[in-house]
Amino acid sequence: MLILPFVYWAVDRRVGRQLAGVFLASMWLNGLLKEYLTLPRPDPAVVRHLVAEPSPGFPSGHAQGAATLWGYLAAAFRRRWLTALAVALIFLIALSRLYLGVHFPADVLGGLAIGLALVLAFRWLLARSFGARLSLGQRLALVVAVPLLLYPLYQTGTSEQILGFFLGFFAADLVAGHLVAYRERVPLGQQALKLAVGYLGFFALIALHVAFVPVGLPAVLGYSLIALWVALGAPALFRRWGLAGEAPVPPVDAGARRRLRPYVGAAALVLGLVVASSLYVRLAVPPVSPPPVLQTEGVMIIAHRGAPALAPENTLPAFQAALEQGAHMLELDVWRTRDGVVVVIHDETVDRTTDGQGRVGGMSLEELQSLDAGYRFTPDGGFTYPWRGRGVRVPTLEEVLTTFPEARFLIEIKENAPGMPEAVLAVVDAMGARDRVVLASFHDEVIRRVRELAPGIPTGHASGEALRLVVLQRLGLAAFAPPVAEALQVPEWHGPLRVANPGLARLARRQGLAFHVWTVNEVEDMYRIIGLGANGLITDYPDRLRQVLEVLGRNRPEHLFY
């Protein structure tokens, strides 16, 4: 992004405009492909990574960006020395990605191919004067509509920069760029001063943006103002301070000034929205303070129903195995028996995990605990059943909290019935376990009742709450929604929609939420989700996750996320 202002201010304004179009399109497409393909990078356990690169691997953004940027400059200026330099830089940048161990060859080749294809396509469209017949109003409508329509598809810090820069740069260049004439190439001293002024304003605006502007649409609008500086603010200052060379001053009649007023008003409105949204978020949407139960030195290993790959799920042996494998927190599910005892089991019936049949709520505790909770467990697809007949029972919540007095628990309340939150809280209070539990439920009414009864116990987002937050995040408005819980637990995917995306992770960090992703079992997925910025991974394989963290050689997500 840094080279675009240089070309626009000091080399060739027309080429700078073209370069901005093709480069921004290329980088946005790169992010979109990574978002939905989510192809892995080389395994750090096999290939040494010299730098941390947490985003998905294909296509290589560095290779694609180099091919687009330097390929377009070579095609636009047609200078032998520039072509040679472009080829060398593209080759070296592509090679460096392999040397650093962060890409497969296919990632790099794919990035190069996409970048060069976009350069050729863009040059082909220019040669045919694509869009030349559109009126100023139609072009401006496209410039405004395209970022707003593309934004919901994926959100990263980079995508906000790209879409915001596209909006501000081309809107300013279309509307008023021709009114602020300057010579790109001026004497060396004048050029140095011109660039110093331009970049000083550029970096000052970026610093203000990073420090104050919330994520989402406010960030897009904020970056549009930075681009407005590049296309209009800095050139106007060049003219005012005598740094524009001998450029002719275009005539500006009263009609032209009158036509400009709505656009000046629109820019002022955008500035006002950015300032107002930044102040509102800082004053009215304070981040939550993570309670100790959700804090850890690094990525939290949350054992999903214990360690169900090693022992029958939601049983004492499974929880013991998970703790031995390094789990920081145990996730479990609770229902009530017919006689009102809170028991630890995932399903509403016992059919899948025991040798019995029927609803949990239709059995007494004695009937439930007469069943063999290890009967269905098989580690090898049905060849052996090593836990049959070994006395494994469905435990009560009280038994679990008593057996593991130092462990932390994520308790999911499965039963949506009157009195269930009260029953769970009664057990938690009887065991003195308020400071080591987080309560969660898919049912909004259950979790709201928990908060009414025990506002000091941290909770997760219920389904409806999480859905609203995800929708608002996709629309760029989630920064305005005050946190309703201390933890946000979501799957990575829901059908074709990537729920646990970089934008949601950044939002959670800004709001102080513990961001947990479930259920992450494959090693390559663990690397990717850690890179996403998750505070914790809910997994059936705590041993695998522990090994992944050991391989990374670090366990602080802020060193990894993108």
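Cβ from N, Cα, C; glycine included.
Taken from TrEMBL, the feature transmembrane segment covers 15-33, 81-102, 108-127, 139-156, 162-181, 193-213, 219-238, 263-281. Positions annotated as domain 'GP-PDE' by TrEMBL: 299-549.
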Practice task
Test the contact criterion for the transmembrane segment (108-127) and the transmembrane segment (81-102): 3 or more CB pairs under 8 Å, pairs 6 or more apart in sequence, then answer yes or no.
Solution key: yes
Problem - Segment proximity, the transmembrane segment (81-102) to the transmembrane segment (162-181), 3 or more C-beta pairs under 8 Å - result: no
Handout entry: Selected stretch (most C-beta pairs under 8 A with the transmembrane segment (193-213)) from 81-102, 139-156, 219-238
Key = 219-238
Fill in the blank from the handout: Taken over the domain 'GP-PDE' (299-549), the predicted model's pLDDT averages 96
Handout entry: Non-local residues, at least 6 beyond the ends, that sit with Cβ under 8 Å of the transmembrane segment (81-102)
Key = 41-42, 44, 47-51, 53, 57, 60, 62-63, 66-67, 70-71, 73-74, 108, 111-112
